[in-house]
Amino acid sequence: MKGVYFLIFLISCICLSISTTTNGMLERLQHPAKSDGSLSFLVVGDWGRKGAYNQSRVALQMGRIGETMNIDFVISTGDNFYNDGLTSVNDSAFQQSFTRIYTAKSLQKQWYNVLGNHDYRGNVEAQLSPVLSKIDGRWLCKRSFIVHSEIAEIFFVDTNPFVTNYFRDPKFDWRGVMPRKSYIATLLKDVESALKNSTAKWKIVVGHHAIRTAGPHGESHLVHTKFLQASDVDLYINGHDHCLQRISTNESRIEFLTSGGGSQAWFGFFDESRVGLKFYYDGQGFMSVNLNPETAEIMFYDVSGKILHKFNVIK
């Protein structure tokens, strides 16, 4: 989708991560690592369909894998509620698509959520509201923020304001983002500062849209990853394309990972010739990340919990 135009601007200026207000200063949250210094979490995206399109089956397997790994938290890559986000903090879709679906004991951990384009077609303020955290204490959704966990810093960014085409859709809720130019300028400044000053062993950036993809939403001329690379970013994780995917090229040490298989999938086509494509699965599923000081172990699972692809990143 040419709507990923924001990435040309976003990446070439500095690309991804974080800012919550036009006043600058990215909010930093603390999440402790395990006693041995390791950290493990699951990643799922594009899921909120009240259990339909195998969302419930994916949730079941997430619970099983989450217990095996003793995960510390869960990351959502956006499009949390289809088709048009939430209408309000009282929208029953919140419990129907989240609380009543991800019921496994291992998933009763903090969920760190970013917004997707479908979330913006509803009431964005509802998803950002602390009221939802009172309804379900696992829920934490902010526009852009940092999670610091000793061994790693995870930079969450709301990529939606960079997509020019979205501003032509009257359904999108841009409260808190306008005026757009100053919002983006502040965001980019904060990103640059946060990544440059981070001394974390592992640096991970999470956004809804893809920088590298072979999926049907496509990518634009995304060749300017120099800033992310210079900032020693290890992983860029996104959703948006309803698939599981890994792209890794010689031009960059960054692993580009897609976890957008939380519910509806099976688009039926992708670019098999995409340079650097190491793995692509068109169906439902999720991924896991296990970090220790020397190695990141990453796995992709299908709807039955089968491991489809796994690899290690060595520090």
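In case you wondered, yes, glycine gets a Cβ from its N, Cα and C as well.
Here is what TrEMBL says about this protein:
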- 1-24: signal peptide (SIGNAL)
- 40-243: domain 'Calcineurin-like phosphoesterase' (DOMAIN)
- Asp46, Asp79, Tyr82, His242: Fe cation 1 binding site (BINDING)
- Asp79, Asn117, His208, His240: Fe cation 2 binding site (BINDING)
Pairwise Cα distance for Tyr82 (Fe cation 1 binding site)/Asn117 (Fe cation 2 binding site) [Å, integer]: 10
Remaining residues near the recorded Fe cation 2 site, that is with C-beta within 8 Å of the centroid of the site residues Asp79, Asn117, His208, His240: Gly45, Asp46, Thr77, Gly78, Leu115, Gly116, His118, Asp119, Thr159, Asn160, His209, Gly239, Gly260
Under 8 Å by Cβ from Asp46 (Fe cation 1 binding site), same chain, sequence gap 6 or more: Thr77, Gly78, Asp79, Gly116, Gly239, His240, His242, Gly260, Gly261, Gly262, Ser263, Gln264
His240 (Fe cation 2 binding site) CB neighbourhood, other CB atoms within 10 A: 27
Residue with minimal Cβ packing [other Cβ atoms within 10 Å] among the binding-site residues His208, His242: His242
Output field, Fe cation 1 shell: CB within 8 Å of site CB centroid, site Asp46, Asp79, Tyr82, His242 dropped: Gly45, Trp47, Gly48, Arg49, Gly78, Gly116, His118, Gly239, His240, Gly260, Gly262, Ser263, Gln264
Number of other Cβ atoms within 10 Å of the Cβ of Asp79 (Fe cation 1 binding site) across all protein chains: 29
